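*Asks:* I'd like to ask some things about the structure below.
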Amino acid sequence: MQSTSNHLWLLSDILGQGATANVFRGRHKKTGDLYAVKVFNNISFLRPVDVQMREFEVLKKLNHKNIVKLFAIEEETTTRHKVLIMEFCPCGSLYTVLEEPSNAYGLPESEFLIVLRDVVGGMNHLRENGIVHRDIKPGNIMRVIGEDGQSVYKLTDFGAARELEDDEQFVSLYGTEEYLHPDMYERAVLRKDHQKKYGATVDLWSVGVTFYHAATGSLPFRPFEGPRRNKEVMYKIITGKPSGAISGVQKAENGPIDWSGDMPLSCSLSQGLQALLTPVLANILEADQEKCWGFDQFFAETSDVLHRMVIHVFSLQHMTAHKIYIHSYNTAAVFHELVYKQTKIVSSNQELIYEGRRLVLELGRLAQHFPKTTEENPIFVTSREQLNTVGLRYEKISLPKIHPRYDLDGDASMAKAVTGVVCYACRTASTLLLYQELMRKGVRWLVELVKDDYNETVHKKTEVVITLDFCIRNIEKTVKVYEKLMKVNLEAAELGEISDIHTKLLRLSSSQGTIESSLQDISSRLSPGGLLADTWAHQEGTHPRDRNVEKLQVLLNCITEIYYQFKKDKAERRLAYNEEQIHKFDKQKLYYHATKAMSHFSEECVRKYEAFKDKSEEWMRKMLHLRKQLLSLTNQCFDIEEEVSKYQDYTNELQETLPQKMLAASGGVKHAMAPIYPSSNTLVEMTLGMKKLKEEMEGVVKELAENNHILERFGSLTMDGGLRNVDCL
């Protein structure tokens with residue numbers, strides 16, 4: 001045990017070891033509170049005094065939630081050597097987190113965003129104080145759990161740090177080689193002397209490698225044999241990186257370098273976040289310091305990412321989930337454009353559904369006022385055009401080969417890889433199930449909305465039939481009036497045109513039978529048991545009641561337990577006979593559980609999901625055809641309504657001229673009677689006939705007017721027929 005005046009620690013209670021110091025878990029003598037105690041070794045005292053004091057001076061300047069806090073600088077009781085009393089971080093480092101098999105292929109998106117936020121926050125504080133860290137890596141980013149239960153990451157180990165302004169440079173070498181800037185790598189690792197000096201932006205390269213590692217679980221630049229076994233190829237990769245690339249991997253000995261500007265398929269970050277993150281990585285993983293972003297642009301771009309809100313969207317036809325990263329002050333027009341970037345559905349073709357209702361977003365509506373969404377309750381988007389089903393894009397990862405040879409080191413590495421693969425399969429199975437559940441929900445809602453559209457079309461057709469019937473009756477009565485006018489030798493040039501309209505209206509009336517037949521066909525397809533009922537969605541695929549994810553989790557727990565035991569066995573370096581036999585039995589169990597898990601994943605999860613996806617694509621294609629057919633029928637009804645309305649307007653104009661024609665008819669009779677000198681009987685007959693004609697015409701005019709009034713009232717009752725089941729925001 002060692003101690004200072006206020007703290008004590010056990011030499012066996014070590015938290016970490018470095019080149020110049022060890023860190024122990026210590027306690028305050030009076031309170032018992034835990035602290036991290038950094039004790040410097042003999043090698044550290046070989047450094048110049050100013051270098052030894054540099055870490056103390058740097059830490060004294062820093063005070064930020066994302067920097068490990070320095071509480072005191074004390075002296076060890078016996079040696080009188082300086083020790084640092086620092087904030088204790090019980091959850092280890094980011095490296096510890098990435099070593100967990102569950103993070104073998106990168107952190108979950110929510111955790112990665114916390115890492116991004118906290119590292120950027122800590123880096124910004126360093127820059128505000130003119131400090132360059134020079135050894136940023138996952139092992140120097142500590143983790144604690146905050147009061148809200150979320151992780152908080154803090155930069156630590158400022159042994160390599162020094163004060164440096166943006167326009168200053170340095171020549172001394174520090175850092176960990178996998179995370180080193182290429183210029184520093186050349187001199188520090190390859191031992192090649194050059195006259196280059198290094199600026200503060202060398203930290204940005206290390207940050208870029210760290211972020212890529214956190215996002216994917218792997219280093220971005222990897223020679224075939226590994227970064228530390230083939231340093232020349234490593235240097236070739238980091239200096240030869242094309243502009244825009246964020247990774248370079250050599251997959252075979254002496255093979256070519258595979259460059260990529262995208263995250264690997266196994267990365268769990270969403271497409272929306274990757275689109276924002278990859279340009280940042282591409283511009284800070286830049287060997288040429290002239291081309292590399294400066295701190296100002298780095299902080300501006302990362303701050304832009306961190307200040308966005310997320311809107312969850314599910315593309316029904318693609319069968320894909322999306323996260324739309326958007327500023328709260330952006331409008332719906334921007335949202336539609338961002339949806340297009342991820343789904344390739346143009347804004348004019350995007351139909352939105354939220355909680356079973358159509359969602360219409362006013363183009364000026366701010367994103368902060370959109371409905372609240374989650375992964376399980378997103379906004380659904382469908383297209384008015386045919387789209388191919390995509391489904392979940394994921395890496396098809398196989399189990400590593402399990403060698404029968406007894407090897408503690410090899411077995412621990414193998415067990416870690418196996419556990420990582422099964423973790424990935426378990427996570428993928430959960431996502432596949434979520435996609436199927438969202439499809440079931442979306443299909444059910446889409447069927448209901450199409451039924452609403454069908455009812456609207458039936459409603460419109462009924463309205464058109466009634467209107468058409470009234471109009472035909474009006475025209476027929478108008479024809480009678482004009483025929484009576486013809487009897488008294490009055491000119492009625494409109495009669496021929498009215499007869500043509502009557503013929504056209506009868507033709508339109510006869511077309512209603514075809515529309516009715518098509519509507520009945522659509523109704524039968526949408527009805528329970530019909531071709532487009534949603535019963536298939538409940539029959540195909542996997543369901544929560546199958547508990548496939550839970551079954552995989554049970555196997556994963558067994559595998560993880562064996563992995564942790566193998567880690568302990570590796571630390572022992574050599575096992576007694578009985579422990580060795582148990583180790584061999586566990587290795588057999590590991591193989592059994594892993595193969596069973598992957599077989600279950602393949603047969604029960606993937607195969608059934610693929611069948612569900614194929615059925616979904618077929619159903620969506622048929623549904624789109626039905627919707628287009630229904631839209632065509634609706635348009636036909638509107639076209640007929642428009643044509644009937646035009647004829648009705650013409651009929652109304654004729655009705656307005658009838659009183660004048662009736663007066664003309666009366667005058668025409670008197671004028672015709674004067675020169676003929678008819679007998680008194682003939683005159684009486686003609687007068688009575690005209691009175692009767694006038695009464696009939698007045699009756700027709702009155703009836704026509706009443707019909708028009710009924711039509712107007714009917715129209716006002718149906719004007720809002722198309723606005724049901726719609727949320728307008």
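From the backbone N, Cα and C atoms, a Cβ is placed for every residue, glycine too.
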*Asks:* Among LYS38, LYS60, LYS61, which residue shares the ATP site with LEU15, GLY16, GLN17, GLY18, ALA19, THR20, ALA21, ASN22, VAL23 according to Swiss-Prot?
*Replies:* LYS38
*Asks:* Could you tell me which of the ranges 266-321, 658-713 is annotated in Swiss-Prot as coiled coil?
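*Replies:* Coiled coil, as annotated by Swiss-Prot, spans 658-713.
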*Asks:* If I look at Swiss-Prot, which residue among SER102, SER172, SER602 would I find recorded as phosphoserine?
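*Replies:* Residue annotated phosphoserine in Swiss-Prot: SER172.
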*Asks:* State the three-class DSSP label for LYS401 (ubiquitin cross-link), counting H, G and I as helix, E and B as strand, and everything else as coil.
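*Replies:* DSSP assigns LYS401 (ubiquitin cross-link) to coil.
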*Asks:* Going by a 10 angstroms cut-off between Cβ atoms, which of the binding-site residues LEU15, ALA19, ALA21, VAL23 has the sparsest surroundings?
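*Replies:* Comparing Cβ neighbours within 10 Å for the binding-site residues LEU15, ALA19, ALA21, VAL23, ALA19 has the fewest.
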*Asks:* Sort the recorded positions ALA19, VAL23, LYS401 by C-alpha distance from LYS30 (ubiquitin cross-link) and give me just the closest.
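*Replies:* Its closest listed neighbour, by Cα, is VAL23.
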*Asks:* Output, ordered by sequence, the same-chain residues six or more apart from GLN17 (ATP binding site) with a CB under 8 Å from its CB, or 'none'.
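*Replies:* Same-chain residues close to GLN17 (ATP binding site) (Cβ under 8 Å, separated by 6 or more) are VAL23.
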*Asks:* Hey, how far is ALA19 (ATP binding site) from LYS401 (ubiquitin cross-link), Cα to Cα, in Å?
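*Replies:* Here the two Cα atoms are 36 Å apart.
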*Asks:* Neighbourhood of the ATP site (LEU15, GLY16, GLN17, GLY18, ALA19, THR20, ALA21, ASN22, VAL23, LYS38): other residues with Cβ within 8 Å of the Cβ centroid, in order?
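*Replies:* For the ATP site the neighbour list reads VAL39, ASN41.
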*Asks:* Measuring Cα to Cα across LEU15, GLY16, GLN17, GLY18, ALA19, THR20, ALA21, ASN22, VAL23, LYS38, which the record gives as the ATP binders, how far apart are the two most distant ones in Å?
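*Replies:* So the maximum pairwise Cα distance among the ATP binders is 14 Å.
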